[in-house]
């Protein structure tokens, strides 16, 4: 901490993470973005020097803990917070990154930190049928390397998926994971700020995670809703009874400020002496007895390359995400025996499904123009509106909080949407001068609509490059290798073109950008063959990776964990993140990740004799037993 006192009645820390100027592109942005960051860091609710969990940070861990949680991201922050509610349990949270930077708290900056030092910046192996226009045909996968994980980088959209997603999990041999079983755990975390609008049947107040709409939306957002209505869709809460339609989504934010899992769950736990947090420390291996298969502890490496072993009394929880959870299991000798032998990792337990079943939502960036000058949404006027009132364009994500879900002709039923629409535009993220009306180009303003496949059939895998734990994993996404994914995506493109031709959007002069995609010149523009070519050239992976530590019964050869999230064949090890999803939920995955963590922590508490609450679907965890 620095020696300078702040108006927040406690010491202001040294700046954490990348600066806003650096995330915008460097020197041309230095003056305005640098000044803006100074103003932002003077705001107590943004910098939050008194509320950060820094009192829990440890440079030296203890010798032994009751529970060790690997990964302080979307799920791991929740697990560590919930376990530390039991004062008799000593809990260690291990995070490879540092604390979240202040700039990431601002909703309009949500894309700025992708590609920065708090991003793992993963790339897939060369893809045979997707990302063909990218360098070496590799798809880019941003993943948060920071306390809070990808919940520091994501678009904050709170989408749970469809009822049928979870009913299918249960039907596949995972009792306790049907929709009515998991709804209480969605509600447990939720502090819904719009309860009068969305109702109490599916939502709740009083949880640690604020969920509500941004203070401001551009007028175009409401025009998009009217466009959806013109095509016969209703506007309503897609997290309620009906998951088909349009909405301005609720977000994990309060008063125009992002709430990552770290901010929502760890900062309220900052006074608990039984919670320790190791930052800038990578878990390199889970220590497992080769004969008894009991977990003994965790091996870690700090930012200076020093390694140590930390022992565990009860259990290790792996919450490193759909990329790093299987990676750590493989490094620990848990995985397909033949693949481990190829990289000289000693097999502790042959578990063929580790790293398999990897899948992700996939999209295509459809570009449109509207009759509006291409000026920077960020300027001193919008900055002051945010700094003084937490309102205006910086308090939201432009039109990116609008979304829609619909069923194409390839959907299992009309009530089960297989396509989600995302929107992009009016994002107040970067500016050079701060002047009102600063031109970005001489063109009309661009608007993007992204149709995303919700039920992808294509499957990839995570593997090891070597036995070196600090070498990135091998990621094979296999996007668009199943033809139905391509067909569904093309249906989505044709729908968004229809949407752009509705009366509400025609009033903005919305028109399709007809620039021919390089590599698709041989096809007639707008034909199905053209769009099939285009989606393979300019593939847009979402950041919703899942499935690589699949939950399933022991007779499923590809299952990694059971319905209690215990790793098959290993004692004292569970996985709690989106990697356990048998099939990815139909929508953004942050809300389901938090739900998985809430349910997982409940299962741990129940297994180890802590007082827990009876669960039912009416809400919720209401009686101590």
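Every residue, even glycine, has its Cβ placed from backbone N, Cα and C.
The signal peptide annotation in Swiss-Prot covers 1-42.
Taken from Swiss-Prot, the feature FAD binding site covers 66-95. When secondary structure is read from DSSP and collapsed to three states, residue 94 (FAD binding site) falls in the strand class.
Feature annotation from Swiss-Prot assigns active site, proton acceptor to 544; the stated evidence is similarity to another entry. Over all protein chains present, the Cβ of residue 544 (active site, proton acceptor) has 28 other Cβ atoms lying within 10 Å.
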Next on the checklist: Tell me which of the binding-site residues 82, 90 sits in the most Cβ-dense spot, judged by other Cβ atoms within 10 Å.
Outcome noted: 82
Next on the checklist: List every residue in the same chain as residue 94 (FAD binding site), at least 6 positions away in sequence, whose Cβ is under 8 Å from its Cβ.
Outcome noted: 68, 69, 70, 71, 72, 278, 281, 282, 283, 298, 300
Item to check | Position of peak Cβ density within 10 Å, selected from the binding-site residues 70, 86 | outcome: 70
Item to check | Least Cβ-crowded entry, counting other Cβ within 10 Å, from the binding-site residues listed as 66, 74, 78 | outcome: 66
Checklist entry - Can you check what DSSP calls residue 66 (FAD binding site), collapsed to helix, strand or coil? => result strand
Checklist entry - residue 74 (FAD binding site) to residue 544 (active site, proton acceptor): how many Å between their Cα atoms? => result 12
Next on the checklist: For the C-alpha pair, I'd like the distance in angstrom between residue 86 (FAD binding site) and residue 544 (active site, proton acceptor), rounded off.
Outcome noted: 32
